[in-house]
Amino acid sequence: MSKQRIYEYAKELNLKSKEIIDELKSMNIEVSNHMQALEDDQIKALDKKFKKEQKNDNKQSTQNNHQKSNNQNQNKGQQKDNKKNQQQNNKGNKGNKKNNRNNKKNNKNNKPQNQPAAPKEIPSKVTYQEGITVGEFADKLNVESSEIIKKLFLLGIVANINQSLNQETIELIADDYGVEVEEEVVINEEDLSIYFEDEKDDPEAIERPAVVTIMGHVDHGKTTLLDSIRHTKVTAGEAGGITQHIGAYQIENDGKKITFLDTPGHAAFTTMRARGAQVTDITILVVAADDGVMPQTIEAINHAKEAEVPIIVAVNKIDKPTSNPDRVMQELTEYGLIPEDWGGETIFVPLSALSGDGIDDLLEMIGLVAEVQELKANPKNRAVGTVIEAELDKSRGPSASLLVQNGTLNVGDAIVVGNTYGRIRAMVNDLGQRIKMAGPSTPVEITGINDVPQAGDRFVVFSDEKQARRIGESRHEASIVQQRQESKNVSLDNLFEQMKQGEMKDLNVIIKGDVQGSVEALAASLMKIDVEGVNVRIIHTAVGAINESDVTLANASNGIIIGFNVRPDSGAKRAAEAENVDMRLHRVIYNVIEEIESAMKGLLDPEFEEQVIGQAEVRQTFKVSKVGTIAGCYVTEGKITRNAGVRIIRDGIVQYEGELDTLKRFKDDAKEVAKGYECGITIENYNDLKEGDVIEAFEMVEIKR
């Protein structure tokens, strides 16, 4: 147990440290300052002195207060006496005033002692959000920020009170205090996908109609099949038949409803999936019995498989003399669609959309597949779903066809649809009837939104119109920012596409190199490239590192930058990222020519892309026999990793490119060294390192095309 210091003892008794020091000196005890530790016998001697005095002071204060009370009562009784008595009373009062002054003085000395606040207990569990700072984490642990900073320093992390902590560091500190930590998941209310949940586990969920999409090759009978189902199952007497085209419709078969999406082919299907909309439960693949598998048939199979949607094959046109259903089955087995009769799991239904034969069998199979899938939704929830179609009507304004996927949609609901918002003014079903509510898997057309959304956008109903407006406006602003950030500049990756669209006549190129001879040779070689439809135009050449003005010129002229044996400086890197300017860095002229020529011919398909992960500045060099040159470095950007490739840059010009030999922190090998730390580096097969050189670390990252 640590000994008590003089200032701590004084604080405990609400006294000044000087009083304790004086008393100790009177006891012939040598005292240097208030930080001196007290021995047990010294504390006992001080306790006798000061605690006894405090008891006496408290006792005297109580007596004086009692006397004051008696004097006040006596004064009240004597007010009825004569003048003489009053004068005597006045004399007495003078005495009382004196006593009162003494009492006040005593009371002043005997104020309640300001005991130090008890330290807050460290909680057993704390929650934190990503990006929590040292100060915020210290508050949650009920400790001083300086304590956390000390612990971080011992872990080799130099931090201040406003520094953000990562998950690993937070867990290490919490473990040191014996505290359990849990990261809070911050829900972004603008992300509409969080409102879409699987309703199978909801106890209040009930069965919902299946949503079916019909796909297939051109002229194989998709539209005819849709019309046949529609006319078979929907009577013309229902509100004048189908009077409203909203991109979907519902039919009833054996007391169960089925929703069909009347989408224009695979493009819309793909667009919806690209926007995250998974609306289809079952895919009907229409294949003509007299034609077999065609390119769009394969495309449809791939779409359905990627979406993990069950496929029912409708073999159409069986009434034709040239039909051969067995050939269709045989061809489809090559794509993993094996009929049940042949030991597979795919349902095949032969039918004729023109005559109506087999339509009932198809609907029955749809019902069976839907039953196996256990499609459920909770109609008591607020509605969520997907946009099927949208348009701007001259008389009604923006309108959207929606498919309700869960919950119930009502007229008057506050709604966010994609990047638009509003309150539903009117709602029309697939029969053209005005309705007030629509349950799960029901297609409806609504009006009342402020703008036209896109097909595949999601919609969510909110209880508060202000909230819907705020989220809708915020999503709209975010989409504008995203559109502005999207690349409009030419790059070698999109060059061929722009050439095909007739947008590119000249490819503007800026060349920066290490020496003038290389720059001139490269410019001459590029000018010789001859590809029909586009010309190479050199708009600027210079010697030296790529700088910010080069990026500005490339952005203004819609050009690309080629660096030959040079690197961009930090300002140029930031500007290129902000303006989406394409920079290509090479060390071999042939590679430059080949890359640009391939891009112009539409053959460019790079699999890997270089990613710079960090930079270190050489502060000092040491020559060691049998080892070579060791560079004492300071990491200025990112991090240096043991397995990264490196290049040595001197005055913006690449001197050498190779690999790290060793990476050390003090005497220990390190896997990586982060920004702000010093390290020792040796380069494999390279010893010509000098102070001021920049070591750039990079790695090759596989990119998707």
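Indices start at 1 and increase along the chain as displayed.
Cβ atoms are placed via backbone N, Cα and C, with glycine included.
Per Swiss-Prot, the features are:
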REGION    40-124  region 'Disordered'
COMPBIAS  41-58  compositional bias 'Basic and acidic residues'
COMPBIAS  94-108  compositional bias 'Basic residues'
DOMAIN    207-376  domain 'tr-type G'
REGION    216-223  region 'G1'
REGION    241-245  region 'G2'
REGION    262-265  region 'G3'
REGION    316-319  region 'G4'
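Taken together, the residues of the region 'G2' (241-245) have an average pLDDT of 43. Here the region 'G1' (216-223) has long-range neighbours at 285-288, 291, 294-297, 300, 314, 316-317, 353-354, meaning same-chain residues at least 6 beyond its ends whose C-beta is under 8 angstroms from one of its own.
Sequence-distant contacts of the region 'G4' (316-319) (same chain, at least 6 residues past either end, Cβ-Cβ under 8 Å): 220-221, 224-225, 286-291, 325, 350-355, 357-358.
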